[in-house]
Amino acid sequence: MKEKISDSRSYKFKRMLDSFVTTSAQLIGFPEDMFRFLFAFILEVPISIICRYISMSTDMKYFIYGIIGIFISFFVYSTMTYCVLITMIPVYIIMKYMPTRKGAYLCFGISLGYLLTIHIKRMIDNYLGYDLDFSSVQMVLTIKFTTFAFSVCNAYDKEYKCSEHTEKHKIYNYPSILQFFGYTFFFPAFFSGPSMEYTDFVSFIDMSMFKEFNNKLPPINMKAVGKVTLRLIVIIVFYLISVKYSIFELCEYYILGHKEESTCWFKIFMIYLYVEFIKLRYYFVWEFGELLSILMGFGYSGMKDGETTWEGFKNVDIWKMETADSIRQIVSNWNIQTERWLRYYVYERLNQNKTLAPYKSILTNMVSAFWHGLYPGYYISFGTMTLQQKFQYMLYTQVLPLLRNKYGEKSIPIYLYHTFNYLYTPFAQMYCFVSFVLLSFSATFTVYLHTYFIPHIIALTGWMYLSYFPVYKKPRQETVETKPKEVTTGSPATKE
């Protein structure tokens, strides 16, 4: 009888909550799934502050943080939350009883394979449409579980040469199921990421990351909170402007059709606006995650000039993104935590495999592509960005040294070289990103056709000319000062 009464109360509460969501979403004109996501995000702010100041044992933290994550996940994604168990349980069991390379590779295959099935299901259910599905959560979990597996493996694998990063994050003490549960469902990092290393999560739980403060949480850095809050306000204001004046619809009107109604350069300007306003969505989610990391404390990254720094959970550097003078710089400051995953746990591991090392860049880009999804637009974006990077790399290794040797470091030609890069980079970036948003081959091809493939022609012509007719040959005794390393990052493309 008591169970029936309890079930009845739970059902009534769920109906009240659903009614609140439906009414509120209609009131502000948001899709219901998006309202749930945003409401859950906002709800995490007071929860994070409360959790910061409540004294709990370490085991209680694992339990409470995980339970909160489950409740919020059920609110946003309903029964899709159960999907977490499909990869969580195998990864935990495999690495517990097989902490070897084979075990880590098996976990990698299971995690990425299951993510691919979710991407396929999304395409079947709602091709080219947008609704809030579980794929974004599974993308974060894929990074989380694969880094966990390789970190366990690295602690036992004496032959593998770890980098400074992977050495720091080795897992010597295998977690209990409670610890792994808390790590998996840790609520501030569950919905949109970025992912956390397991060792960083544990050092936050037991407070060992705060060595400068005798293993106690430092006061909230209000200066850091203010900076992130200001960025969030600016993002929200610009996004509301885009909604009020139907910027997205206006841009699509000109870039996807009505070729005769505008010039090529006007279309390019509209593509730029379209991409910039789309990026605001990513900026908002990642900046909000950074705010939570400061309020709760797990984003602590040390001391600098007598002040605490909070970049441990940073996933984008907006200023560097918007003032970048190369595609390489954009890639390095976009989706930062995913970039680290691909660099340290995919690229570096492939680099130490004699068979696969020659194909490390291609294979890492393939992993990045599969991780993002299976829409053609993603792969067009990756290919376009690779071409742009190759072109800018040739400029860096051919044109810049020539100008330095001939005219000097502070000459007008050097100034013009940097000016060109500052102007060309956002131009190239918007073309790389637009297919990432449009998703389909036909829509992307239409945009490129209406703008005469200008960035592709510039990059391809410049790259091929400098490859076959080099304008500068490095003297044998000379070494390039800061030659870019060949690495791959969370955003598409191979760096050369």
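Glycine residues also receive a Cβ, built from the backbone N, Cα and C atoms like all the rest.
Copied from TrEMBL, the annotated features are:
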type	residues	note
TRANSMEM	37-56	transmembrane segment
TRANSMEM	62-93	transmembrane segment
TRANSMEM	105-124	transmembrane segment
TRANSMEM	136-156	transmembrane segment
TRANSMEM	177-196	transmembrane segment
TRANSMEM	228-247	transmembrane segment
TRANSMEM	420-441	transmembrane segment
TRANSMEM	447-466	transmembrane segment
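Beyond the transmembrane segment (420-441), the same-chain residues lying 6 or more positions past its ends with a Cβ under 8 Å from any Cβ of the stretch are 128, 255, 268, 271-272, 274-276, 278-279, 322-327, 329-330, 375-378, 380-381, 384-385, 388, 392, 395, 447-448, 455-456, 458-459, 492-493. The stretch in 105-124, 136-156, 177-196, 228-247 that contributes the largest number of Cβ pairs under 8 Å to the transmembrane segment (62-93) is 177-196. Tertiary neighbourhood of the transmembrane segment (37-56): same-chain residues 21, 24, 30, 64-65, 68, 72, 75-76, 132, 187-188, 191, 217, 220, 285, 288, 291-292, 295-297, selected by CB-CB distance under 8 Å and a gap of 6+ residues from either end. Here the transmembrane segment (228-247) has long-range neighbours at 273-274, 277, 280-281, 283-284, 287-288, 290-291, 294, 318, meaning same-chain residues at least 6 beyond its ends whose C-beta is under 8 angstroms from one of its own.
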